[in-house]
C-alpha cells in the first residue's frame with residue numbers, strides 16, 4: 001500500500017488553495033494544475049470518460065464487469081485546500097513509530113505538536129505519522145481522499161476477479177469556500193449514489209452535517225481629526241466591536257461540540273472610516289440555524305436604530321444544508337459503508353460532521369452522498385497530520401464497499 005502514500009506526497013506538492021473573494025471558477029487557476037495532472041494519471045490507469053471541464057471538475061469511470069443490475073457507485077474528493085493557511089511549498093515530515101511525546105515541527109520557530117494540546121494523537125502511538133514542517137497546512141483535506149480513491153480504483157482495475165458495477169469518480173474545486181458542488185454535473189457523473197472521501201479521524205462515517213451560511217458585514221464610520229472629534233467622530237472599529245458583543249460568546253467554535261452550532265468570526269479588517277467583518281454560521285437544527293441568521297440581522301438593525309443611521313450593512317448567504325433528510329431516504333448507503341468498515345477491521349465512528357462536504361450539496365441535487373474518513377487530523381492548519389495506516393485502511397474500505405454493492 002505504499003502506492004497511496006506516494007500519491008499523497010505527490011499531490012500535496014501542488015498548491016491548490018482556493019479563494020473565497022474570487023469570482024472566477026475555479027476560484028484559483030492553480031487548482032487546474034492538479035486537475036490536469038489527475039486526468040493524465042486516470043488515463044494511465046485505463047479509466048473511461050476521463051475529462052476535466054472548464055470549471056475544473058475532473059470525472060472518470062470504470063465500467064462494470066458484471067451484468068447484474070447494481071447501483072452505479074461514485075467516490076468524490078476535492079482538490080482545493082483551505083484559505084485559512086498557506087498550501088505553498090508543503091514539506092511533509094515522517095514520524096516513524098511515534099513514541100507519544102512532543103513532535104517538533106519547526107525547531108527555529110518553536111512549533112510543537114504536543115499531546116498536551118492535541119491528546120487524540122496518543123491513539124496513534126507506535127504508528128507512522130505524516131506531519132507538516134510548521135510553515136503550511138499539510139493538505140490531507142482532501143488530497144488524502146484523492147490518493148485513497150485513485151489507489152482503490154487502480155487496484156480494482158488490476159484485479160478483474162473483483163466484481164463490481166459502474167464506478168464513477170469525481171474531483172471538485174472550491175469545496176473549502178463552499179462552492180464545490182456549484183457546477184457539478186450529476187447527470188454526467190453517472191452515479192446513483194456516492195461517497196465523499198473527505199472525513200477526518202480513522203473510522204469516521206458521516207451522514208449529518210451543519211446547515212451553513214456566511215455573513216459579510218460592513219460597518220461605516222465617520223473619520224474626524226481626533227483632536228476635535230467629540231460628538232462628531234464615529235469609529236467604525238468601535239461599532240464593529242459592539243456588533244461582535246451581540247453574538248453569544250458561548251456559541252463560538254471554541255466552546256461548542258457535538259450537535260452544538262456556532263457563530264465564527266473569520267476575518268476582521270478595519271479603520272475609523274470602515275470596518276469589514278466576515279462570519280460563518282453553523283447549526284445542525286434547521287430551526288436553530290434560522291434563529292442564528294435572524295440574530296445577526298437583528299443585531300445590525302439594533303445598532304442602526306441606536307445610532308439613527310445605517311452604519312451596519314449585512315449580507316447573509318446560505319451555503320449548504322444538512323444532508324440527513326436525503327440520506328435517510330436511502331439508508332442502505334450508510335449500512336453498506338458500516339459493514340465494509342467492519343469487514344476490514346475498522347471500527348465505524350458514526351458522528352455528525354462539524355463542517356460540510358460536497359456531499360451535503362450533492363445530496364440535495366439528487367445524488368445521496370455520505371462521507372467516509374480519510375484519516376487526517378487537525379485540518380486547515382500547521383498541526384495537521386495523518387497516520388499512514390489510516391490511509392491504507394481507507395483504500396481497503398473503498399474496495400470493500402465496491403464489492404458489497406456488487407453483491408447487493
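Even glycines carry a Cβ here, placed using N, Cα and C.
In the three-state DSSP scheme, residue 141 (Zn(2+) 1 binding site) falls into the helix class. For residue 141 (Zn(2+) 1 binding site), applying a Cβ distance below 8 Å and a minimum sequence separation of six or more within one chain yields 81, 82, 176, 198, 200, 374, 376, 379, 380, 384. Swiss-Prot lists 78, 141, 198 with the feature Zn(2+) 1 binding site.
Reduced to three states, the DSSP call for residue 80 (active site) is coil. Around the Cβ of residue 80 (active site), 30 further Cβ atoms fall within 10 Å across all displayed protein chains. Sequence annotations record features per position, and here Swiss-Prot assigns active site to 80.
The annotation Zn(2+) 2 binding site is assigned in Swiss-Prot to 141, 176, 380 on the grounds of sequence analysis. Secondary structure from DSSP puts residue 176 (Zn(2+) 2 binding site) in a helix.
Annotation comment: Swiss-Prot describes 175 as active site, proton acceptor. Taking a C-beta cut-off of under 8 Å and a sequence gap of six or more, residue 175 (active site, proton acceptor) has these contacts in its own chain: 18, 78, 80, 142, 198, 357, 358.
The binding-site residues considered are 176, 198; of these, 176 has the fewest other C-beta atoms within 10 angstroms of its C-beta. Of all the binding-site residues listed (78, 380), 380 has the fewest other CB atoms within 10 A of its CB.
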